[in-house]
Each structure stands twice: as structure tokens, then as C-alpha cells.
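Per TrEMBL, the features are as follows:
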- 36-130: domain 'XRCC4 N-terminal' (DOMAIN)
- 162-208: domain 'XRCC4 coiled-coil' (DOMAIN)
- 212-283: region 'Disordered' (REGION)
- 242-272: compositional bias 'Basic and acidic residues' (COMPBIAS)
- 273-283: compositional bias 'Basic residues' (COMPBIAS)
Amino acid sequence: MVVDSDWVLPTRKCYKKFVPMGSASPKHTCLKLEHIFVKGTWFSSHFDLFITDGLQSWTCNASEEEVEERASQWDQPVSEYIDLGEKYLGFQQPGSIYGFDDAGSGHKRLSWTFEKEGTKLEWRWKCQPSPNSKKTTADILDFLMDANIRLSDEVVSKTQSFERLRVEAEKCLTQSEKLSKDKEEFESAIYAKFLGVLNSKKKQLRELRDKLSKQGTTVQEPEEEDAQSTDRTETFDEGSDEEKSGEEVEKEDVGTSSSQKDDVGTSKDVPARRGRGRGRKRK
């Protein structure tokens, strides 16, 4: 968990101080391994280790030459070697076996294992007894207390921020529920108005349809009457034509018989006229 811009208290009881990249200031870590604390100070080309169990303390001051030699043995750049040590002493890595064994004459050997390209390797450095155990232990405890205070302040700040966010979230939730309720009420009102308008339009359409139906019936009745009167007129005209044709036939018959009488009366005297009369009858 981040304490501030420079400090962090990771899990597994490890304390670490971060420094922005490109800065010449060293980085600090502190890792608890069983009954000891290991504090590391990491520079660009070398590092220092301070170890205490509460009663005794040890130190390891790795020079630039020693670091370069160790890095060359593993075909690593110095910076990569330093980063590897900082990683394993900043956070206890899973799968790695840490050790702090007796190396004789009061010396201790700090080690841990890691894998590189499928090969298991061991990173180890020999630590000598501190010339001033009390000071070394006090420095480690001061570092831990300082990190703890910073962490506590950060926890308080984060808690306050969380509380503010929680209050804002509750406000947003309340506002969201109110907006949802207003939306439902608005939709219900709109649907009710729309339903009223729709029913009114349907009623008007039915009335117009009924009017059109009545008008259609009224128009059809005069057409039927006109058709009947037309039939009667045609019948009457046909009868008149028959009567007329009968009268004309009678007139023609009368005219023919009268002309025949005239022809009979004049046939003795004027034979020529009789011929013209026959010709006219043929026509």
C-alpha cells in the first residue's frame, strides 16, 4: 500500500522507499525474513545491507568492483544485477528459498534462489558483524517507525477519501433513483395523453366512415330510380315505334289500294300510265 509519493509498505512485512527514475538518490527497502529484518540501500552501481535480529546486527557493503564482478559471472549488466537484488529484498518472492546462515567467525551469509533461463541460481553475500550493533538496529527501527507513521497518515487520508467517495456514491444513487422515478411518471403521463388522443382519433375515423357509408347508400338509390325510368322510357318508345310502323303499313296499304283503283279506272283510256304505275309498285 502506498504511503506517500516516496514510501510504500508492501505485503509480507516489507518496507520500501521509491525514488523517481533518473534521480541520484538511493532506494531503500526493508524485508522481514522470519526472525530478522533486512534493510537495503540501493545505488546505481553498488548497495549496502543492514541486518538485525533485535540483539545483534550485521552489515554488507558491496563495492562497485564486487558488484561488477558478480554481474559479469552471470552475464548481466550491473544495473540488472542491482535491480534483481532490490526485487528479491524488496518483496519476498514466491518460490524463492531465503537463507541467513552462519559463515563462521560471527559472519553470516544471506542468500536466496531464483531461476534464470530454466536454471536455478543462488544469490548470496557474506555479511560481517556490525561495528555498532545498537546504532544499526536503531537505524532499522527508525526506518520502520518512519514508514509506519507515513503509512498511518496515508491510511487516514485514504479512509477519508473513501468516505467522501462513499457519500458521493450515495448521493449519486439517490439522484439516480429519483431520476428513474421521474422518468417512469413522465412516461406514464405521456402514454395516458397519447392513449386519449388515439382513442379520439379512432372515434373521428369511425364517424367519418359511417358518414361515407350513408352517403354511398343515398347516391345508389337515385341511380336505381334513373335506371328504372330509363327502362320504362325504352319500353314506351319501343311500343310507339311498333304502333307507328303499323300505322305506316296501313297507310301504305291504303295508298296502294287507292292507286290500284285509279289504275283500274284509267287503264282503258290511258294504257301508258298503267305501265308507270306498275313500275312504281315494284319499287
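In case you wondered, yes, glycine gets a Cβ from its N, Cα and C as well.
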Take the domain 'XRCC4 N-terminal' (36-130) and count its residues per DSSP category (helix H/G/I, strand E/B, coil), listing them in that order.
23 helix, 47 strand, 25 coil
DSSP on the domain 'XRCC4 coiled-coil' (162-208): how many residues come out helix, how many strand, how many coil?
47 helix, 0 strand, 0 coil
For the domain 'XRCC4 coiled-coil' (162-208), what is the mean per-residue pLDDT, to the nearest integer?
90
